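In what follows, a structure is listed as structure tokens, so that the remarks can point back to it.
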Amino acid sequence: MHAFKGCFRSTKTSKLPRGEDPIVLASETPFTVNEIEALHDLFKKLSSTIVDDDLIHKEEFQLALFSNSSKQNLFSNRVFDLFDAKHNGVIEFGEFVRSLSVFHPYASEEDKITFAFRLYDLRQTGYIERVELKEMVVAILSELDSTLTDDAVDSIVDKTMIEADLNGDGRIDPEEWKDFVTKNPSLLKNMTLPYLKELTLAFPSFVLHTEVPD
């Protein structure tokens, strides 16, 4: 997923939204106060592409990911839902920072594993069902403009289920997922954005990639 292709320079730090203290956000995330101020400049850019209201709407999120606000994709919709912690249909600045912090190089592996699990747990049951895994694999392939035959997709899903579903109940629980990812660390390599530890007010472009399970 090519995300947040923001490349801009700021000579003046914009004021953070009411109720959001950069010191508090810095204490809750791996970001420094200066990095949070730089993130706010990115947030302001993203949140004003369609409606300038200090909120990122789903169409603006889609626009950041695909340069097309009307392109719908299960994967990007799920990422939006995870960023939208209040489930009110928009992403506020605090949600943006806290969610993005999972991709920071200094974020814990446990946080990254948990976020990835929630990404695949489409129905929020606390388990990853086979059908959910297949839906996400298809969505990721679509987002990457890649296509595989249905048999090839089933092969990927079956292989993953055999390796991850240790108790054979037809679904992957959080502990099984953690064990599976620990044995397949490449699944987390795209959960880290190196640029997030080098934020300045001259904010660089950064790209978020994702991949299907090997």
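Each residue's number is its place along the chain shown, starting with 1.
Placement of Cβ uses the backbone N, Cα and C atoms for every residue, glycine included.
Here TrEMBL flags 71-106, 108-143, 152-187 as domain 'EF-hand'.
Counted with DSSP, the domain 'EF-hand' (108-143) comes out as 26 helix, 2 strand, 8 coil. Tertiary proximity for the domain 'EF-hand' (108-143) is limited to same-chain residues at least six positions away from its ends with a CB under 8 Å from its CB atoms, namely 1, 73-76, 78-79, 82, 102, 153-154, 156-157, 160-161, 164, 170-174, 177-178, 181, 187-188, 191-192, 210-213. Averaged across the domain 'EF-hand' (152-187), the predicted model reaches a pLDDT of 96.
Applying DSSP to the domain 'EF-hand' (71-106) sorts its residues as follows: 21 helix, 2 strand, 13 coil. Residue counts for the domain 'EF-hand' (152-187) under DSSP, helix first, then strand, then coil, are 26 helix, 2 strand, 8 coil.
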